[in-house]
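These notes concern the structure reproduced below.
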């Protein structure tokens, strides 16, 4: 599992309250407070393009009164660029046309399976590898597997694209540094007030951001064994570090996948939010799960609490949801938020992961790492790398 975390705070671009509504047996969608009828099936508020059938079905749904519509995680939605989504040039903070700060909490997911199946993969790849810094490119090409190399590339694009959109700084002017623990942070622009984090496992690279400075995300593929261990072997290996309550919760899960992953996702998310890494003694962190909240695709669970050395850590909020039926995500963010944040205005807001693609990641990108033959040889070497087997 790889993560690319920006420790400096980061701002994203929404300004409308999001909540989940159930439309049909298999379709979950979102609703904001300020729906505007979309032209060519693109919402003028959130700029998500939806299929005409989806618009028609939602318009006919008694559940929909007002709000903009974004597709569920299973849909092939894109986030096209538009003038309303252009970065604001006058500030390092995302602001509205009236100059007011906007909520920047976002959840994005990039499917590597879709990228590998895209007929224009070479075109996208060659542009992408020339749109990251030489240092980032050098790190990326060292990965043995094609999946990890692509995940690394997408993670770097996430950081740079988010910074461009949310600060207005040109692509080529953005600079990153690394902490002693290897975490990226913004050098230019300075004095940013937002936080972002990226995680990768399985088919997805997941991106999360917050209006506060600390946020962590962990993406997990549920249909694989962890460290080649069975569920019982995994639980036994955790016996010395997990609390008695956590062990009980692990054993009570309905499937082997859930037994192995229920607490790992919390540890990853909170440790990435703090930037400190996973502690040697995991028993100092104790997660309390509300079993009345059903954890399944379509859920949005925020009831989990954490204690450290027996003391309740009330400054953290955990969001648990799914990208698809086999990929779960946990987001850890700070509870204290600025007044313009959606989650402060409405703590019950639900923000699910939306799928984005190379078009979104490369919007506004410029060449900062020119390669011979525009990256043709680099792409050949990339395609020679073996794929991972799960």
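Placement of Cβ uses the backbone N, Cα and C atoms for every residue, glycine included.
Since we're looking at a predicted model, the values are computed, not measured.
Within the listed segments 73-93, 94-114, 115-135, 136-156, TrEMBL records region 'Disordered' for the stretch 73-93. When averaged over the domain '4'-phosphopantetheinyl transferase N-terminal' (125-211), pLDDT in the model lands at 92.
Look at the domain '4'-phosphopantetheinyl transferase N-terminal' (125-211): DSSP puts its residues at 38 helix, 23 strand, 26 coil.
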